[in-house]
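Report on the following structure.
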């Protein structure tokens, strides 16, 4: 340890591996993101039962909620974001279904047009006429973009699947932190974290609870002593024996 450390209390982060500073944490996160390893996350896709009724607050409600109850405002914002995501997923699914039905209709119309053209050509040949006898019959162009449309449908479905709900954020964080660990290890670490949180809460809250209980007991004892003192004073003032005073 240098005799003249520079940096105040934060200098401890430069002396031990267990307390890295902010720059070291950013470097570790940057190196882990460059590995390119995709880890499994506990993300579930939104289904048709989710609520898509978006009801945004007005300016007055937002201002009062932000000043008086910031936690309520944040919870309301998260709820509306979830409903907007549900609305977007349902809207994309409806759009994909509608475009798929239109593609089926266009395909059937295409087949009908080709059949009619074949019938017209057959009738013209049967009567000894060629396509040159009718203006515009020799050139027939019917474009087909079904393959491109199918690819775009697939892209739309992939984009919809990107919207999901992380049902186990702690487990996802542990998997991202420790790499490809098994589910049993994830459950074990979650149990250890839960126990650590409970112990920390007890360490933080137990002195306060003990102080409150001791204060109440001390107050009760003081009240009892004061009542007994007042009782003695009343006995001396009225000169009545203790046995006759109830």
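Placement of Cβ uses the backbone N, Cα and C atoms for every residue, glycine included.
Among the residue ranges 19-49, 143-173, the one that Swiss-Prot annotates as coiled coil is 143-173. Between the listed residues 141, 222, Swiss-Prot assigns N-linked glycosylation site to 141, with no corresponding entry for the rest in that record. The recorded positions recorded for this entry are 50, 93, 131, 138, and the Cα of 50 lies nearest to that of residue 208 (S-palmitoyl cysteine). For the coiled coil (143-173), the predicted model reports an average pLDDT of 75. Residue 131 (disulfide bond) falls within a helical segment according to DSSP.
Here residue 131 (disulfide bond) comes close to 121, 124, 137, 138: these same-chain residues lie at least six apart in sequence, with C-beta atoms under 8 angstroms from its C-beta.
In space, 93 is the closest of the recorded positions 93, 141, 205 to residue 86 (disulfide bond), judged by Cα positions. Beyond the region 'Immunosuppression' (114-130), the same-chain residues lying 6 or more positions past its ends with a Cβ under 8 Å from any Cβ of the stretch are 137, 140, 142.
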